[in-house]
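One structure below.
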């Protein structure tokens with residue numbers, strides 16, 4: 001087996017097992033069940049909020065220590081933090097214990113950048129980056145699908161949701177990810193701290209903005225590099241050379257400027273960060289909405305299908321203005337079946353658009369910039385997630401109910417869709433005007 005395929009297999013198995021956490025679709029219901037017995041408001045404002053703040057504070061730290069420790073130790077720590085997060089809700093935990101567990105969950109959530117970084121660091125041939133990124137993303141979504149489906153099937157067979165058993169199975173999944181990470185190949189080089197091949201100098205390649213093919217389409221990184229003048233941008237360094245923090249920060253700064261010098265990349269990354277930030281918010285609080293509506297209807301005999309909704313959400317894909325309209329449906333309806341349907345449609349729209357954005361950005365990036373751009377976009381997304389948690393969920397800016405939160409998310413998505421629709425219309429007319437001028441000159 002070729003090395004890149006072997007590495008992709010290791011990472012895909014890790015990503016799949018990492019996402020096998022069957023308690024997730026029923027987390028809010030478990031919090032308000034007799035086993036834990038806290039209110040839905042406490043779940044939103046006192047438990048989930050701690051996780052949101054932890055994710056935001058830890059993602060930059062995780063990004064830097066991941067590169068410094070050469071990825072694998074962070075993958076092992078990722079699994080350990082997952083175990084700690086779910087162990088914190090076993091038995092009859094206090095609120096403080098659950099909040100500490102959310103801090104561990106913050107590290108766990110932020111560490112997604114670690115296995116993508118590992119993937120890129122272990123793959124020498126950069127032309128496989130897009131393929132292995134797609135494979136890792138597919139493994140991640142498959143893990144969510146089978147995890148949620150398993151939880152739903154167990155609930156149907158059992159006649160009720162076996163919360164405690166699902167927690168223990170989630171812990172087992174995290175434990176298996178630790179074992180798997182331990183046997184993954186070691187990384188010899190990282191992108192920033194331990195790069196034995198090269199380091200950037202002040203001479204950077206020109207921005208890729210104006211490079212187009214004969215058909216007018218943007219060229220890929222490989223096409224651009226083959227037509228660029230052979231500018232020397234690297235210098236040899238000792239094999240065991242490790243960069244200082246100052247050198248790494250300089251490298252990051254230059255890499256950042258080079259990556260975001262392309263307006264096309266900036267536009268896609270803007271959508272990516274804003275949409276992902278809202279997606280994390282919706283994904284976190286959709287289970288709260290399920291429980292809220294169930295309590296509102298006082299239907300104690302309704303069988304929860306949270307797992308089925310979550311599994312279909314991760315599989316189906318198609319198209320971003322519509323996402324706001326769908327979330328608007330979650331605000332207006334009080335029927336749980338409709339909310340399930342709206343969430344599934346929303347998930348398919350988001351996952352499709354994210355896949356397109358990731359693919360397009362990947363084609364335009366410099367070869368060592370994938371991890372940086374993916375990490376920075378996630379940082380902006382988690383900043384927005386934290387801001388919405390602080391201002392909306394905890395009510396420090398505006399105090400709203402759980403259902404009213406989804407009205408805000410709907411307006412948020414429709415605003416993003418409107419802005420990018422305006423961008424598209426403007427680009428269309430600008431291109432048409434340019435073509436007319438060229439024809440007149442000819």
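Indices start at 1 and increase along the chain as displayed.
Cβ atoms are placed via backbone N, Cα and C, with glycine included.
Some features that TrEMBL has for this protein:
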- 209-218: compositional bias 'Polar residues' (COMPBIAS)
- 219-229: compositional bias 'Basic and acidic residues' (COMPBIAS)
- 198-229: region 'Disordered' (REGION)
- 46-66: transmembrane segment (TRANSMEM)
- 73-91: transmembrane segment (TRANSMEM)
- 103-121: transmembrane segment (TRANSMEM)
- 166-183: transmembrane segment (TRANSMEM)
- 268-292: transmembrane segment (TRANSMEM)
- 312-332: transmembrane segment (TRANSMEM)
- 337-357: transmembrane segment (TRANSMEM)
- 369-393: transmembrane segment (TRANSMEM)
- 405-425: transmembrane segment (TRANSMEM)
Recorded stretches the transmembrane segment (103-121) and the transmembrane segment (46-66) touching, at least 3 CB pairs under 8 Å: yes
Proximity verdict for the transmembrane segment (337-357) and the transmembrane segment (268-292), three or more C-beta pairs under 8 Å: yes
Chain residues outside the transmembrane segment (369-393) and at least six past its termini with a C-beta under 8 angstroms from it: 44-45, 48-49, 52-53, 55-56, 59-60, 63, 67, 110, 112-113, 116-117, 120, 129, 133, 191, 252, 255-256, 258-260, 265, 269, 272-274, 276-281, 284-285, 361-362, 400, 405, 408
